[in-house]
Amino acid sequence: MSESAKPRITSGSKFRNEHGFSAIKDGVKRSSSNTEGKSLERKPKWLRARMPGGERYDAVRRNVTEHRLSTVCQESHCPNIGECWTNGTATIMVMGSVCTRACKFCAVDTGNPKGWLDPEEPENTAKSVELMGLRYIVLTSVDRDDLPDGGAAHYAACVSAIKQRTPEVAVEALTPDFDAVMSDVEKVVDSGLDVFAQNVETVKRLTSRVRDPRAGYEKTLSVLAHAKKHRPDVLTKTSLMLGLGETEEEILETMDDLRAIGVDILTLGQYLRPTPNHLPVERYVTPEEFNRYRDIGLEKGFMEVPSGPMVRSSYRADRVFDKNNLGLSVPEVPVPDKAMQIPVKAVD
């Protein structure tokens, strides 16, 4: 087929080719050819999320829209968006909604933002946290390999702005790996956050199949280890998806690797395939297995191990922080009346 005859594919579209997955090409995410002809798997009965709705959910949604925020809840098609937003908690995705990497499990758009950042984002994010009356906020972001520091300074500015406006709010930062440039990692760790998170995503053997080639199992471990070494008082956290073909032995080995570098909190959840062009689910892990892995994780010394089919890395992170085995807690912050009165006009 000639170039002119090929169908036009918009930025971020997923498609297959004979070469399999090849990260980024003109803003297009390519997915593995082994998904050809496969439809989404039928989910077991325990994988059911309630439909989003309610006054608090609508307030959070309006706030996200009016303040031009990207949330991982929306971009990753998270099944828990209804529960989390109804409870007034949200995970805000900073630095835009286009990622420079193309992991094979992820629904977030892939492309080249060409160095663009919203200079108003730190202040808008801080104002939104205040308006929503949150006591715990998770900040995450796309990878920004197009920026010299991977976006570390901008990320740190977002955390600092929240702390300056609402110092009582606990902040968790679920960050990129910043290509393991530790001076950039330190910018975020020193920004005033309470929890530093970087997801290992899968077991070592499956990393090259599941994650973008620029990511890495050892790279993630090195970032988490450095964050803990640089600021021993900060809680460190990571997440592992199950159902991608890993064995129980590999799960336990991953737990041991994480505990060896002092990771405090581990979340375990079922991988759910976003589209037919993403990696297929190899199997659905039962709730009973998730409960057993939680018990094993606690025995290995993790402070907390949220584990279940619907658990995601930032799922009800406020409760995890409250209940961790150190006895640390987030101060109660009353929800202001204005949390339900989201302004129609966007913040300038």
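Glycine residues also receive a Cβ, built from the backbone N, Cα and C atoms like all the rest.
What Swiss-Prot annotates here:
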- 1-45: region 'Disordered' (REGION)
- CYS73, CYS78, CYS84, SER314: [4Fe-4S] cluster 1 binding site (BINDING)
- 85-303: domain 'Radical SAM core' (DOMAIN)
- CYS99, CYS103, CYS106: [4Fe-4S] cluster 2 binding site (BINDING)
* CYS106 ([4Fe-4S] cluster 2 binding site) and SER314 ([4Fe-4S] cluster 1 binding site), Cα-Cα, nearest whole angstrom -> 15
* Structure fact -> Once DSSP output is merged into helix, strand and coil, CYS84 ([4Fe-4S] cluster 1 binding site) belongs to helix
* Which of the binding-site residues CYS99, CYS103, CYS106 has its Cα nearest to the Cα of CYS78 ([4Fe-4S] cluster 1 binding site)? -> CYS106
* Asked: Relative to the Cα of CYS73 ([4Fe-4S] cluster 1 binding site), which of the binding-site residues CYS99, CYS103, CYS106 has the closest Cα?
  -> CYS106
* What number of additional C-beta atoms lies within 10 angstroms of the C-beta atom of CYS99 ([4Fe-4S] cluster 2 binding site)? -> 27
* Asked: Can you give the mean pLDDT for the domain 'Radical SAM core' (85-303), rounded to a whole number?
  -> 94
* Once the chains shown are all counted, how many other Cβ atoms turn up within 10 Å of the Cβ of CYS73 ([4Fe-4S] cluster 1 binding site)? -> 27
* To do: Express the distance between the Cα positions of CYS103 ([4Fe-4S] cluster 2 binding site) and CYS84 ([4Fe-4S] cluster 1 binding site) as a whole number of Å.
  => 25
* Rounded to the nearest Å, what's the C-alpha distance separating CYS84 ([4Fe-4S] cluster 1 binding site) and CYS99 ([4Fe-4S] cluster 2 binding site)? Just drop the number here, would you? => 24
* Asked: Around CYS78 ([4Fe-4S] cluster 1 binding site), how many other CB atoms lie within 10 A of its CB?
  -> 23
